[in-house]
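According to TrEMBL, the coiled coil annotation covers 121-185, 212-373. The annotation domain 'Kinesin motor' is assigned in TrEMBL to 473-794. The ATP binding site annotation in TrEMBL covers GLY554, GLN555, THR556, GLY557, SER558, GLY559, LYS560, THR561.
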Amino acid sequence: MSDGEEDCAFLSLPAATFPQRTALTTTDQLETSQHNHDQQLLIQTLQEKVCEFQARLRREEASRCLQLQRLQQSHEQSLQEKTNVIHTLQEELHTALPNGVRAVQRLGEPQEHQQHSNRLIQEGEQLIAALRTQVGELEEKLLDQTQEVERLRSELGATDLEKHLELLVVENERLKQELKACKTSLLQEDADALREAVSCWESQARPRQKRLAELEQQVLEKASRVETLSRQLEESKRHAGEMQGQLEESKCQQGEVEQQLSVRLRDCEEELARQAARPHQVKFVTEIVEVESSESQQAVAEAQAKSAALQEQLSLQRQLLRELETQLHDSQRTSTQLRAQILVYEGEMERAQGQLEAEMQNLEEEKNRVIEEAFIRAESEMKAVHDNLAGVRMNLLTLQPALRTLTCDYNCLKRQVQDFPFMLEKAITEAKQEICQVIGEVSSANQELLRKYKREMNLRKKCHNELVRMKGNIRVFCRVRPVCRGEHDSAENMVSFDPDDDALLYLSNKVKLMTFELDKVFHPQATQEEVFQEVQSLVTSCIDGFNVCIFAYGQTGSGKTYTMEGVAKDPGINQRALRLLFSEVTEKAPDWDFKITVSMVEIYNETLRNLLGDNQGEKLDIKMNPDGSGHLYVPGLTEFTVQSPEDINRVFELGHMNRATACTNLNEHSSRSHALLIITVAGVNSSTGHRTQGKLNLVDLAGSERIAKSGAEGSRLREAQCINKSLSALGDVINALRSRHSHVPFRNSRLTYLLSDSLSGDSKTLMMVQVSPLVSNMSESVCSLKFAQRVRTIELGNATRRQWENSSTSSSSAQALRQTFPRSLSQIWGIRFHSVPLPLMIQVGKPTV
């Protein structure tokens, strides 16, 4: 059985065994004695182990304290040595750096350990002082020479030696510059060299100072670490002392208990021995033993309790011993690491000290070398200065005779220079007067030329217009539409205008400037009123019995519908023409009776549509007029007689509602057909019975478009094809008329056939070509303008006036004419539109632009 098992058995003895016995035999007594002896041995063993552990703990504590003391002493000694080294290095740096800086900044400051350097510096200062003295002497001599030159100049006066005087002045300036250079070059170069040396030393000393600061910081960190470890050692030592005191106290208590138990056991054994010697008194002894055994049992229980307490204390002591051993190992490991770090720091300090000594030695050698080089350079420069001074003296000696001979020239020049400002001012004044006079004459001549040019231009335009009227040429106007919102990103300065000639238009096409000459060009800022003022003369000729045709041509989205129809607030040519006709008719009302009829026809997909009729599906055709005039007309076409602007508005509302428009990629309200507004003006003179009949055709052609750009599909595609076909036929007609072919293909299209009266002669025709300013529409704009130029060259012949003479009296003729007139528009309106709802008659769609 092990010691632990015996201890456990001893501690677990039942307390009620002794009272249950009634008698004990000798064998039982012996077993009890043996058991007590074993307990005593166990207690003695435990005491020996406790003593052994206490001795071991004391040895470990003594060894640890000794190691800590040695480590602390060595660490303090190393710290003291490093601190001494750092102080020594700092003192050397503080001593070396100021000395070097002062040696660089001030040559000549006495130092006890640099006798040779001081001597060289003193010699350099003496040389510099000598140079300054010589420079002063040279300046004085130069001043004397200058005064001598001035004196000679005041005495002499020859003009043929001006160049020599200039050379002398230049040479004098050069000598001054050389003296100044000699004065400042030596000091400047020495100062530069010393500044370079100072900067070099400072750059070399800066990393060493940084390294020293880092070493000082590391030393401070290690010192704080050592102090922390010392405090930990003190706390461990104090804790070990407390534990040792507790162990000694517990040992004393255990010794006292063991001694009591030993005395008690010894008494019990003696008593047992006596009882064994007297067997006849067994019963009595048994009773005594039972009485005494109860007391022993109580003592044993107390001993067991004390033994348990001692066991617990022993376990605590073991645990504390293990903790102290762990701390001891940690302290030893930390001490080893600190020793290694101290050795590393000592090595770094030795290396740093060696590097610092080497660098200080290098700095000392470099300083001496720089001083010697400066001294050698100063000697060489001084020699050069002496040589230059000798050369200057020789030059002065050779130049003095020449200066004496040039004084007269200088005086003469001086007098001339004094008189020159007055001469120059007089010449400038005369030149200014002449220039002002010439400028005034040129300006007046330019004004006269400009006035003549404008007069000739107006005369040329009048003659040209008269020539065009006599030849019957088609007049061509061009209008450039403005850029709309949303188109600024793609618009550039593609179109330009001539500020002096309103008949020229310039188009920039691929870095090529194209010029187009037309009869009139309107800017994008031109208003509807300005455009109508140019065409109103043609409109009024309709009242005199002439046939007039105005048609708008251009690509889709170029503003044809806007020019012809306009908007409600700003109407176009159509409404303005009718208003002008009403105004002219009103002025001639006392002598003339006029009847104005209006009809609107649309050419949609090569089909004629009556825009003012009830049946939109009614087929119309173009026929020859049976009156023998040779003109064409459309049978079944509805005509309304208009007598007021209100009638005009109603006619236009009905026509706009019936006209075909659609949305494409190029135009939100694209006209998908050609619209013709036919205005017939018939007049009768009340006095003479003279009759006139004129016709005004206002045509809004559909725009040419490219299928790829417009994105037309389905019915829109068929419409675009028909539009392009009719416009192509119009181009063929224009080419035939321009080339004077015998056959003109008017019948190739309903459009050309309907316009044949206006294009074949006996009519005043005007073409309004519309142009877009966008770069994306460049090709279409060029095609439109070229087509306009071809149209402009066509000669239709002089237009004839349609009028008839009547021999009957004026009153009867007027009465007959009134009876032949059809009913008025108001009556027709009431008959034809009685089934149309009122909102449909009032609400009108906005004309397309």
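Just so you know, the numbers here start at 1 and follow the chain as drawn.
Cβ atoms here come from the backbone N, Cα and C positions, even for glycine.
TrEMBL annotations: computationally assigned, not manually curated.
Of all the Cβ atoms in the protein chains shown, 23 others lie within 10 Å of the Cβ of GLY559 (ATP binding site).
Across the residues of the coiled coil (212-373), the predicted structure has a mean pLDDT of 74.
Summary: among the binding-site residues (GLN555, THR556, SER558, THR561), the fewest other C-beta atoms within 10 A of the C-beta are counted at GLN555.
The Cβ of GLY554 (ATP binding site) lies under 8 Å from the Cβ of LYS560, LEU701, GLY703, SER704, VAL769, GLN770, VAL771, SER772, SER784, each on the same chain and at least six residues away in sequence. Its own atom aside, the Cβ of LYS560 (ATP binding site) has 29 Cβ atoms within 10 angstroms in the protein chains shown.
Reduced to three states, the DSSP call for GLY559 (ATP binding site) is coil. Using a 10 Å radius centred on the Cβ of GLY557 (ATP binding site) and all shown protein chains, the other Cβ atoms total 27.
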